[in-house]
Amino acid sequence: MFCMDLYKLFLEKKALLEGHFKLSSGLHSNKYFQCALLTAEPEIAEMLCETLAQKLRADKIEANLVIGPAIGGIILAYEMARALKVKAFFAEREEGQMRLRRGFTVKPDDKVIVVEDVVTTGGSTREVMDLVQSMGGEVVAVASLVDRSGGKVDFGVPFYPLLKVNVETYLPENCPLCAEGVPVVKPGSRK
């Protein structure tokens, strides 16, 4: 799938929202990619993750585990793992930190792909990477549906976004939408 096709899909599914949003990173933006509206349709989730898996296979990225941060990375981790025929875990926030729960554990010889729905600053992805490394695993790649940083994020491992866009973000104190008094909406999962 090409970038423009995915962008069109966001538009067709009304999954590219416009307004005033507070992102999981704490930054504000006038656009929000609601990936849940895409992954709610199993055939779309499967197709997107198979496309990501093809990119990883083409570059000979080998892993035995895919981990996604909750909530946006859960379905993606499962579908990526299914496409790659490996296990899928998800990390969830507990007391402000990403943790593996539910009996999930990373072993020292695990090679892990971290998958996320949208990357803005890469904060949640880095938290999962740190978690994997703290348990002795090796992160071999990062994948996402959307890189909205304009290519500015560097994870130190190969990064595979399906869609790269440069969408304006603002610190809350410099946000023109706040200055105009436009109410802010927080559609993401981080509190």
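A Cβ is built for glycine as well, from the same backbone N, Cα and C atoms used for every other residue.
Annotated features in Swiss-Prot:
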BINDING   GLU116, ASP117, VAL118, VAL119, THR120, THR121, GLY122, GLY123, SER124  5-phospho-alpha-D-ribose 1-diphosphate binding site
BINDING   THR120, ARG148  orotate binding site
ARG148 (orotate binding site) to THR120 (5-phospho-alpha-D-ribose 1-diphosphate binding site) - Cα separation in whole Å: 5
Non-site residues, in chain order, whose CB comes within 8 A of the mean position of the CB atoms of GLU116, ASP117, VAL118, VAL119, THR120, THR121, GLY122, GLY123, SER124 at 5-phospho-alpha-D-ribose 1-diphosphate: SER24, SER25, THR125, SER144, VAL153
Least Cβ-crowded entry, counting other Cβ within 10 Å, from the binding-site residues listed as THR120, SER124: THR120
DSSP-derived class (H/G/I helix, E/B strand, else coil) of ARG148 (orotate binding site): coil
Around the Cβ of ARG148 (orotate binding site), the count of other Cβ atoms that are within 10 Å: 25
Protein Cβ atoms within 10 Å of GLY122 (5-phospho-alpha-D-ribose 1-diphosphate binding site), excluding its own: 20
Count of other CB atoms lying within 10 Å of the CB belonging to GLU116 (5-phospho-alpha-D-ribose 1-diphosphate binding site): 25
Residues that sit under 8 angstroms from VAL118 (5-phospho-alpha-D-ribose 1-diphosphate binding site) by C-beta distance, when 6+ apart in the chain: PHE33, CYS35, GLY72, SER144, LEU145, VAL146, ARG148
Collapsed DSSP category at GLY122 (5-phospho-alpha-D-ribose 1-diphosphate binding site): coil
